[in-house]
Amino acid sequence: MANPQQPLLIKTHKQNPIISFKILSFVITLFVALFLVAPYQVEIKHSNLCKTAQDSQLCLSYVSDLISNEIVTTESDGHSILMKFLVNYVHQMNNAIPVVRKMKNQINDIRQHGALTDCLELLDQSVDFASDSIAAIDKRSRSEHANAQSWLSGVLTNHVTCLDELDSFTKAMINGTNLEELISRAKVALAMLASLTTQDEDVFMTVLGKMPSWVSSMDRKLMESSGKDIIANAVVAQDGTGDYQTLAEAVAAAPDKSKTRYVIYVKRGTYKENVEVASNKMNLMIVGDGMYATTITGSLNVVDGSTTFRSATLAAVGQGFILQDICIQNTAGPAKDQAVALRVGADMSVINRCRIDAYQDTLYAHSQRQFYRDSYVTGTVDFIFGNAAVVFQKCQLVARKPGKYQQNMVTAQGRTDPNQATGTSIQFCNIIASSDLEPVLKEFPTYLGRPWKEYSRTVVMESYLGGLINPAGWAEWDGDFALKTLYYGEFMNNGPGAGTSKRVKWPGYHVITDPAKAMPFTVAKLIQGGSWLRSTGVAYVDGLYD
């Protein structure tokens, strides 16, 4: 115990106040210098990592945060920084999920309840995509970078889809999930990956003479066969002669995360049901007796309370999905606005010899790499839309008679960031009018597309364009929105609607004359087809000139 007469603090010698002030000033100056120099050093060292970001300062601030929190060091390379950034990002998305789930349980509005249900599904998918991207980036190869770019493009698309479906009230409520920040971080991740990829070479590997490489030799044989000749794992038949009477039952019974092809054969007939192939239903093939014999039909639509995302008659997000010899339709009609027949968010998916029928928003090519061959798609407004990396070859794209005062738009592509590896490519196809539109072409103009999002990207090449196509070719979405940032191109088309002399004069529109500029939109380039399509057995052309 201290002596009660002894002061608790020992008395020190009195210091010169001028010297003390100088020492204090030096310490403060040193601290400020270090505080200012550290971010500057981060900016200099890692500026290349953020060079393709739309907001490079935001990107650098994220890197600085990782360093400040000792997650990475100033000496860490770009791959390591990106992987740690994504680990943090996955953690943020996982934290957002229970917040959205709680909000969904509290909200009474049917449409917003549905929108939050969609957001939950999309967040779950995004966690998987980002986690898979970390593993792919760690391998440091061009092909794995291409995979990561596709998956991270899907993450950004998922977040934007969620935000698009929410009304202003729900957006305010959901602010606790920092959805806008999740979007910003997805864009930064794509920018970082793009900077690493350009150092290692272009992600789009040219592999000529092959199908998209995600198609195995066994799948190739399956796709060369008809449904009745395939030895299926499960058979669906309305008359009870199969294993199941509905497709939904057969899909539910399919194995989860299958590493081998699982085939469901659907016998001829019309099946009134809505079917979802979830992300855990991998390598699933659904095959019918032909696009005019086996039909899956539904009628969900936005007017009656569904979200666009959930209105699909058939939705598929399980990787490696194949759909063949079947018709998918939504019969809601033009008065019901958005009513999707088929939604696909399955990476490395193939739609072969199928018919997809509806009016507005017929085919939602939502995200990931997709290939459509020898198929027949009908619709009116934005009837092929979404933000997938998708190639159509030898398809019939048929515009129908729309509702009163409507205009037909073949495409509405939804790319929101220049680093997304997404776009719509239409090659060796016929774009024509249906029999009910043909007599009234002058009343209902038809355009090749309009920009749904800021960096919309669509190319039509080596295709037949019927007389239904308006001479302007393309239409605005809203005034001058996206006209400078979109990329719309036409290359070597033919037919009465193919003339380009009266086409729009937008900065983002291009009449392509150099084949090298058309190559990025081929199977080999846009969807890395050389690495996966060959094994499916579906016919395809990987380059130009059929």
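Note: Cβ is positioned from N, Cα and C throughout, glycine not excepted.
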* Record-annotated substrate site (Swiss-Prot): member among T307, T308, T422, T424 besides Q338, R450, W452 -> T308
* Structure fact -> If we take the residues T308, Q338, R450, W452 that the record assigns to substrate, their largest CA-CA distance in Å comes out at 18
* Asked: So what sits near R450 (substrate binding site) in its own chain, CB-to-CB under 8 Å and at least six residues off in sequence?
  -> D382, M409, T411, A412, S456, W474, A475, E476, W477
* **Using Cα positions only, nearest of the recorded positions to C327 (disulfide bond) (Q338, Q360, C395, C429, W452)** => C395
* To do: Only counting partners 6 or more residues apart, tell me which same-chain residues put their Cβ under 8 Å from the Cβ of C354 (disulfide bond).
  => M291, L323, Q324, D325, I326, C327, I328, Y372, S375, Y376
* **Which of C327, C429, the listed disulfide-bonded residues, has fewest other Cβ atoms within 10 Å** => C327
* Asked: What's the CA to CA span in angstrom from T308 (substrate binding site) over to D361 (active site, proton donor)?
  -> 8
* To do: Would you count the other C-beta atoms found within 10 angstroms of the C-beta of W452 (substrate binding site) for me?
  => 22
* Rounded Cα separation (Å) that holds between D361 (active site, proton donor) and Q338 (substrate binding site) -> 6
